[in-house]
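K.L.:
Feature annotation from Swiss-Prot assigns active site, nucleophile to Asp9. Here Swiss-Prot flags Asp11 as active site, proton donor. The Mg(2+) binding site annotation in Swiss-Prot covers Asp9, Asp11, Asp135.
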Amino acid sequence: MTRQRIAIDMDEVLADTLGAVVKAVNERADLNIKMESLNGKKLKHMIPEHEGLVMDILKEPGFFRNLDVMPHAQEVVKQLNEHYDIYIATAAMDVPTSFHDKYEWLLEYFPFLDPQHFVFCGRKNIILADYLIDDNPKQLEIFEGKSIMFTASHNVNEHRFERVSGWRDVKNYFNSIEK
């Protein structure tokens with residue numbers, strides 16, 4: 001029997017990219033942005049005068065290599081990997097300098113995944129999977145399988161997709177559909 005496929009986004013789903021960006025922006029621009037203040041907003045809209053700084057941070061060698069893993073992501077992805085084919089689909093084209101760091105990060109924190117299942121892409125409509133777990137509504141709306149929105153500060157007002165709020169919710173979602 002063929003196993004179903006789950007494609008999982010990296011930034012803001014497996015990795016706490018926003019937390020690292022906010023920390024770096026606060027330090028370099030002498031700001032005091034709190035994560036709670038971002039609910040329903042994108043960082044670039046809150047501080048348009050620092051959009052260049054944000055892009056500089058994202059382009060720095062090592063930035064994506066040093067991100068924190070989202071709570072419970074490793075254990076849940078490992079469990080899902082026992083029953084599903086797991087693919088990591090990260091929209092790396094926005095920051096092409098991130099490829100190597102993202103690859104090394106995935107090898108370190110998700111060593112049980114097949115590196116041949118790491119997909120560095122732009123638009124995720126190219127991904128042939130049964131499920132996509134992503135925080136970006138634009139990626140979810142073009143995906144042809146079942147779209148699952150992973151809660152992030154910028155998408156809290158989005159209601160078009162089934163939602164999971166953290167990796168324990170992901171585990172519960174897939175446990176509820178297993179036969």
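Glycine is no exception: its Cβ is also placed from the backbone N, Cα and C atoms.
Burial and contacts for the listed features, if you can.
P.N.:
Taking Cβ-Cβ distances under 8 Å and a sequence gap of 6 or more within the same chain, the neighbours of Asp9 (active site, nucleophile) are Ile88, Ala89, Thr90, Ala91, Lys124, Leu132, Ile133, Asp134, Asp135, Asn136, Gln139, Phe150. According to DSSP, Asp9 (active site, nucleophile) sits in a coil region rather than a helix or strand.
All protein chains shown were included, and the count of other CB atoms within 10 Å of the CB of Asp11 (active site, proton donor) stands at 25.
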K.L.:
How many neighbouring Cβ atoms, not counting its own, are there within 10 Å of the Cβ of Asp135 (Mg(2+) binding site)?
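P.N.:
Around Asp135 (Mg(2+) binding site), other Cβ atoms within 10 Å: 20.
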K.L.:
Determine which residues of this chain, when Asp9, Asp11, Asp135 are set aside, have a Cβ within 8 Å of the centroid of the Mg(2+) site's Cβ atoms, and list them as they appear in the sequence.
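P.N.:
Here the nearby residues are Met10, Glu12, Val13, Leu14, Ala15, Thr17, Thr90, Ala91, Asp134, Asn136, Phe150, Ala152.
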